[in-house]
Structure formats: C-alpha cells, structure tokens
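A.B. asks: Here's the feature list from Swiss-Prot:
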- HIS188: active site, proton acceptor (ACT_SITE)
- GLY12, ALA13, ALA14, GLY15, GLN16, ILE17, GLY18, ASN106, GLN113, THR130, GLY131, ASN132: NAD(+) binding site (BINDING)
- ARG93, ARG99, ASN132, ARG163: substrate binding site (BINDING)
Amino acid sequence: MSLTPVTVAVTGAAGQIGYSLLFRIAHGDMLGRQRPVRLRLLEIPSALPALEGTVMELQDCAFPLLADVEIGSDPREVFDGAQLALLVGARPRTKGMERGDLLEANGAIFTEQGRALNDVADHDVRVVVTGNPANTNALIAQRNAPDIPASRFSALTRLDHNRAVAMLAAQTGASVDDVKHLSVWGNHSATQYPDLDHARVAGRPALDLVSREWVQDTFIPTVAKRGAAILEARGASSAASAANATIDHARDLMLGNHRGDWTSMSVVSDGSYGVPEGLVSSFPVTTSGGDWSIVQGLDISEFSRARIDASVAELESERAAVQELGLI
C-alpha cells in the first residue's frame, strides 16, 4: 500500500469506548479506506492485560489497513510521533465524589498527557478529547502543551449533535441526511444548548416543522439528558455511540465535513458569539484538512443567547476551579 500510515494514539484503550472505537479505526472508518494506521494504545498498568486481549482481536481481524499496534502505560512512549491523539480515557465520577474532586482527578491525568504531547508528539498533531468533563479536560491538556497551537485541540460535542439530529429527524419523519445546519453550543453537560434556529430539514426551516413548545419542553431537555437516560437503561454509560461520535468528529476534522453543512465541535474560543477567548466551548464549525473554522454571522435569538450564556457560565466556573487547583 503506497500511502504512509498515520500514527493514531488512543488513551483509555481497554475501556468500553475504546473497545467500540479501535476496530472501526482499523477498518478505515475514521481516516478512509485507503489510509493505513499505526495504533498506539495507552492504559493504566492494571488494564494492560485486558488491552493485550483487545490487540489479539485486532490482529485476528486481519485488517489490511492496520499497519502496527503498540501498547503501553507511559504517555511519553505512547504519544511519541503521534499525528492524531484521541484522549478517551478519563476518571469517571464515583459515588460521593464532588465535582471539584472529579476535576482534580482528571486534571492530573490531562496535565501529564498535555505535557507528553507537547514534548513527543508529531509537530503537526491533532488532539481530540472524548473523556469527560471533555471541555475542561481539553482546556487542561491544551494549556499544558504550550508548543502546540491551541487550534489543534478540540473536544467532543458530536455525540450531542448526533443525538439532536436523530431526534429532529424522527420528529419530522425525515432521514438524518435531510437535517442540516443544526448547532450545539456550550458545554458537554446538561447545560448544553442544541439550537434549531438555523436548522433545516429537507431544505425547510426546522422551526416551521416543529413547535416552539416541543423544542423547549421536549427536544432540548431530552438531548441534554440522553446520556443519563442511557446509563439508567443499560446500567452503563454510552459507549458505542460515543465511539461513533469520536469517529465522526475525527473524520470530519481530518478529511472535512459535508459541503453545504456544518457540524458541532468544542474548540478554543476566539471570542466569537461572546464566548470568552480561550474557553473550550462548542460552536458550529466547518472543517477541512485538520483545521476548523467557527461559522460566523449567525443571528442569535434572545432565547438562544440566554441558553448559550448559561452553558458558558458553567464552563467559566469549571475553568476557575482548575485554575484554583493550579492545573492551568
């Protein structure tokens, strides 16, 4: 195969999301069916035996695009030469853990990983954060990698975007492919704002097809609380859908999103739409060749402004908390 393999690092590789993710990467779902990949997989030492089992399965699939797999527990070894880093692993919130405890536990992880990426990753690396709290984990990693441009870091709100697209399509009797120009703003949390003001379904304004009451009373809260509903139903958090969204996010970032549409991605704000500069917040973006651009010139309604501001306020609170902990 003539194309040079891309080195992809994945953290938390033995977890449920990792298990759903790795086979699709090796199959070519993320970087295309012509591009070989080298997988570099990071786990904590106690999870390495399980990860070895996953590697055996990857080998047994005989994927033509899988050039090589290496595993380890040292981010400086795993990230060496990485061109795309998918930071999936994170400390989950456990019973009795306060929000500040969660930020502190993940802060240590993403501080170390940010520094390692800064020191050993490829000079043109792209970093995608899936592990929650994704926005603030991305901020911590980015601030601890001063030699990597901030625009190279992004965090996952594609799962929220996909949930919103699917729900709007179901409500209007349309295909998901018919839904365009939907936006998710703010934090990947219950304060996120899935915005239909500019969305279209088969060319028609979405708000001509659904009621404001449905949007406010059903659509927004259902999308925001979907993760909790899945956790309650299956006894475990979203894994396959989170992996799928990570694939979608990274594919669009590296290969470009669909023409004539945009997607949602948490990126380092440049001050657009009143979101404080430097904050990692979700915006509508277009993507091409590893770069993203925030969609400009959208009219923001009074209702939308209030929802965006509320989510941004939560992000500012998280940033203040990690600043207080000395993580950024």
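Cβ atoms here come from the backbone N, Cα and C positions, even for glycine.
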A.B. asks: Select one residue from GLN113, ASN132: among these binding-site residues, choose the one with the most other Cβ atoms within 10 Å of its Cβ.
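C.D. replies: Highest number of other Cβ atoms within 10 Å: GLN113.
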A.B. asks: GLN113 (NAD(+) binding site): which of the recorded positions ARG93, ARG99, ASN132, ARG163, HIS188 is the nearest Cα neighbour?
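C.D. replies: When the Cα distances are compared, ASN132 comes out closest.
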A.B. asks: To the nearest whole angstrom, what is the C-alpha distance linking GLN16 (NAD(+) binding site) and ASN132 (substrate binding site)?
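C.D. replies: Checking the Cα atoms of GLN16 (NAD(+) binding site) and ASN132 (substrate binding site) gives a distance of 14 Å.
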A.B. asks: Could you tally the C-beta atoms, other than its own, that fall within 10 angstroms of the C-beta of GLY131 (NAD(+) binding site)?
C.D. replies: 26
A.B. asks: I'd like the Cβ neighbour count for GLY12 (NAD(+) binding site), meaning other Cβ atoms within 10 Å of its Cβ, all protein chains included.
C.D. replies: 24
A.B. asks: Non-local Cβ contacts of HIS188 (active site, proton acceptor) (under 8 Å, 6 or more apart, same chain)?
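C.D. replies: Those within reach of HIS188 (active site, proton acceptor), by Cβ under 8 Å and sequence separation of 6 or more, are ASN132, PRO133, ALA134, ASN135, ALA155, LEU156, THR157, LEU159, ASP160, SER266, SER282.
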A.B. asks: Are there any residues at least 6 positions away along the chain from ARG93 (substrate binding site) with a Cβ closer than 8 Å to its Cβ? List them or say none.
C.D. replies: LEU102
A.B. asks: I'd like to know which of these binding-site residues, ARG99, ARG163, is least surrounded, judged by other CB atoms within 10 A.
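C.D. replies: Looking at the binding-site residues ARG99, ARG163, the Cβ with the fewest others within 10 Å is that of ARG99.
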A.B. asks: Could you list the residues of the same chain, at least six apart in sequence, whose Cβ is under 8 A from the Cβ of GLY18 (NAD(+) binding site)?
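C.D. replies: Same-chain residues close to GLY18 (NAD(+) binding site) (Cβ under 8 Å, separated by 6 or more) are VAL10, GLY12, LEU41, THR54, VAL88, GLY89, ALA243.
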A.B. asks: If you count, for each of the binding-site residues ALA14, GLN16, the other Cβ atoms lying within 10 Å of its Cβ, which residue has the minimum?
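C.D. replies: Per-residue Cβ counts within 10 Å for the binding-site residues ALA14, GLN16 bottom out at GLN16.
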A.B. asks: What Cα-Cα separation, expressed in whole Å, is found between ALA14 (NAD(+) binding site) and ARG99 (substrate binding site)?
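C.D. replies: On Cα coordinates alone, these residues lie 25 Å apart.
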